[in-house]
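**Q** Below is the structure I would like to discuss, written out as structure tokens.
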Amino acid sequence: MIEADRLIAADNPTFREEDVIDRAIRPKKLDDYQGQDHVRGQMEIFIKAAQMREEALDHLLIFGPPGLGKTTLANIVANEMGVNIRTTSGPVLEKAGDLAALLTNLEENDILFIDEIHRLSPMVEEVLYPAMEDYQLDIMIGEGPAARSIKIDLPPFTLIGATTRAGSLTSPLRDRFGIVQRLEYYKVEDLQHIVQRSADCLNLSMESEGALEVARRARGTPRIANRLLRRVRDYAEVMSDGNISSDIADKALNMLDVDVRGFDYMDRKLLLAIMEKFDGGPVGLDNIAAAIGEERDTIEDVIEPYLIQQGYLQRTPRGRIVSDRAYLHFGIDKPDK
């Protein structure tokens with residue numbers, strides 16, 4: 001798997017030791033939340049309305065690509081509502097009892113945040129339905145003919161679910177969310193503000209042009225922007241006086257093999273393989289996987305989304321095709337067909 005080795009992977013387990021820094025630079029209030037203007041505007045209204053009625057916020061589903069701030073938004077909602085938040089993830093909730101234990105410990109108007117909610121087991125989902133709809137738990141006691149169902153009343157609460165795959169949610173679960181928010185890739189100017197704010201939180205000396213250079217190469221993703229910032233900081237401290245200028249940021253990012261479009265080695269390897277080995281496509285995913293020595297799931301879930309979103313790669317019924325933009329980026333003449 002390449003994901004653990006990619007500096008620009010939006011979800012990279014090798015960088016979990018820096019979670020403490022991530023938490024320090026995460027915004028705590030909607031006023032500090034950069035970008036996603038449509039989401040921020042709507043959530044301000046929904047939160048104020050719930051506070052005026054002195055009731056729990058409606059259940060909220062947040063979906064979008066990795067690294068765009070789903071967990072951050074969930075914590076901001078809890079801070080704005082002035083309530084506690086309990087955090088878990090779909091794969092962790094293996095049994096109905098795991099979910100029941102969390103729900104019965106919630107206080108009135110608290111938030112339960114389930115990351116990767118699309119990975120909940122059907123058994124756990126069945127327990128979640130009445131909890132979301134009626135604030136009740138239906139628990140089976142005993143086995144066989146002696147089994148019986150008991151109902152446990154729950155305090156009003158808010159479930160916030162986060163997923164990168166909204167289409168994988170079952171319809172009954174998806175329909176129980178009263179608020180659904182999609183997070184989009186960030187504009188460069190919004191990412192520049194995020195990078196500058198993170199630099200200020202870390203007490204770094206950073207010029208606005210340096211922040212812009214990092215933002216340009218962050219693939220529209222705050223998590224990647226903050227990760228690149230930390231590596232640029234390392235370069236600036238060792239190779240210069242610690243100040244992050246545009247020139248220092250450019251040299252650091254080039255050293256990290258992140259080009260002006262935010263592409264890394266694997267992005268370029270995939271595009272070049274299609275251009276040089278398959279005449280630009282169409283080519284099937286299995287052939288690409290064999291050509292670059294990578295698993296098809298990793299290509300589909302990790303490498304391709306940004307290339308497609310930026311218009312360098314297309315998925316067609318006949319296979320993958322690189323666009324004219326890709327040929328221009330690499331300075332390669334497009335073959336006549």
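Placed from the backbone N, Cα and C atoms, the Cβ positions cover glycine too.
Grabbed the feature section from Swiss-Prot, which reads as follows:
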- 4-186: region 'Large ATPase domain (RuvB-L)' (REGION)
- Ile25, Arg26, Gly67, Lys70, Thr71, Thr72, Glu133, Asp134, Tyr135, Arg176, Tyr186, Arg223: ATP binding site (BINDING)
- Thr71: Mg(2+) binding site (BINDING)
- 187-257: region 'Small ATPAse domain (RuvB-S)' (REGION)
- 260-337: region 'Head domain (RuvB-H)' (REGION)
- Arg296, Arg315, Arg320: DNA binding site (BINDING)
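Burial and contacts for the listed features, if you can.
**A** Taking a C-beta cut-off of under 8 angstroms and a sequence separation of 6 or more, Tyr135 (ATP binding site) has the following same-chain neighbours: Asp153, Leu154, Pro155, Pro156, Phe157.
Cβ environment of Thr71 (ATP binding site): Thr87, Phe113, Asp115, Ala162 lie under 8 Å away, each six or more residues apart in the same chain.
Each residue in the region 'Small ATPAse domain (RuvB-S)' (187-257) has a pLDDT score, and their mean in this model is 95.
In this structure, Arg315 (DNA binding site) is part of a beta strand by DSSP. Taking all protein chains in view, 13 other C-beta atoms sit within 10 angstroms of the C-beta of Arg315 (DNA binding site).
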**Q** According to DSSP, which kind of secondary structure is Arg320 (DNA binding site) found in, if we only use helix, strand and coil?
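**A** In the DSSP reduction, Arg320 (DNA binding site) maps to strand.
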**Q** For the recorded DNA site, enumerate neighbouring residues of the same chain (Cβ within 8 Å of the Cβ centroid of Arg296, Arg315, Arg320, site residues themselves excluded), in sequence order.
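**A** Other same-chain residues near the DNA site: Gly284, Leu285, Ile288, Ile299, Glu300, Glu304, Gly319.
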**Q** How far is it from Arg296 (DNA binding site) to Gly67 (ATP binding site), counting Cα to Cα, in Å?
**A** 21
**Q** When you measure from the Cβ of Tyr186 (ATP binding site), how many other Cβ atoms are you left with inside 10 Å?
**A** 24
**Q** I'm trying to understand the geometry here, so how far is the Cα atom of Arg320 (DNA binding site) from the Cα atom of Ile25 (ATP binding site), in Å to the nearest whole number?
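**A** Cα-Cα, rounded: 39 Å.
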**Q** Using a Cβ cut-off under 8 Å and a sequence separation of 6 or more, which residues in the same chain sit near Ile25 (ATP binding site)?
**A** Arg197, Ser198, Cys201, Leu202, Asn226
**Q** Please find, for Arg296, Arg315, Arg320 as listed binding DNA, the greatest distance between any two Cα atoms, in Å.
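**A** For the residues that bind DNA, the greatest Cα distance is 14 Å.
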